[in-house]
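I have placed the structure first, in the form of structure tokens, so that the comments after it can refer back to it.
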């Protein structure tokens with residue numbers, strides 16, 4: 001089923017270490033009319049990115065369930081999944097520079113940075129969410145294009161917060177539609193077990209530490225490396 005790699009580390013939960021060998025699966029090998037792959041960072045030439053999106057096998061299975069529950073003429077657009085250390089580092093530095101132009105205080109820079117991008121790490125037991133293969137960035141499309149979600153993907157502002165349009169008062173007609181579009185994505189993903197990221201409407205977790213913390217469950221996925229780089 002496309003490029004595969006295995007977790008060389010152990011799963012930690014409830015004081016017991018168990019081997020986790022669930023592979024990463026190429027989304028291009030399971031793409032249907034209900035799931036389309038748009039490797040955003042590859043298309044924007046971010047270092048270390050590849051022309052594909054990979055996720056853990058169990059996460060892919062859940063996305064297929066979401067796709068089955070989509071309204072007619074709707075499909076999922078997968079923007080990012082597993083992320084290499086090189087790509088995570090490039091994004092971290094790029095976004096840090098962006099915030100440094102907005103804030104003079106280093107503490108403010110780091111505070112905002114921590115909301116939107118994880119610190120790069122190669123430690124399989126303390127990985128960034130995307131390095132586990134258990135984090136996915138996505139949106140919904142139709143024959144008329146991608147649904148209006150109020151911001152572009154990876155726009156690091158308050159408007160990108162998942163519940164921004166739930167909490168804002170006196171919404172315009174366009175904003176009411178944005179709220180409904182976000183509700184649709186969030187409800188579909190949460191219905192099969194994903195956890196939404198409060199800071200990013202497009203980001204959902206399953207099986208990683210962020211998901212475990214938010215759901216009081218045991219971590220399933222730790223850091224994992226690809227043994228297949230994909231074609232550039």
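Yeah, the Cβs are placed from backbone N, Cα and C, and that goes for glycine too.
Because TrEMBL annotations are produced automatically, they should be read as predictions rather than curated entries.
The shown structure was predicted, so the numbers you read here are calculated from the model rather than taken from an experiment.
Among 123, 137, only 137 appears in TrEMBL as part of the Zn(2+) site alongside 130, 203. In this structure, the C-alpha atom of residue 137 (Zn(2+) binding site) lies 11 angstrom from that of residue 83 (site 'Transition state stabilizer').
DSSP classifies residue 130 (Zn(2+) binding site) as helix under the three-state reduction. Secondary structure at residue 203 (Zn(2+) binding site), as computed by DSSP, is strand. Around the Cβ of residue 203 (Zn(2+) binding site), the same chain contributes 129, 135, 136, 137, 196, 197, each under 8 angstroms and 6 or more positions distant in sequence.
DSSP classifies residue 137 (Zn(2+) binding site) as strand under the three-state reduction. Under 8 Å, Cβ to Cβ, and six or more positions away along its own chain, residue 130 (Zn(2+) binding site) finds 80, 81, 82, 83, 88, 118.
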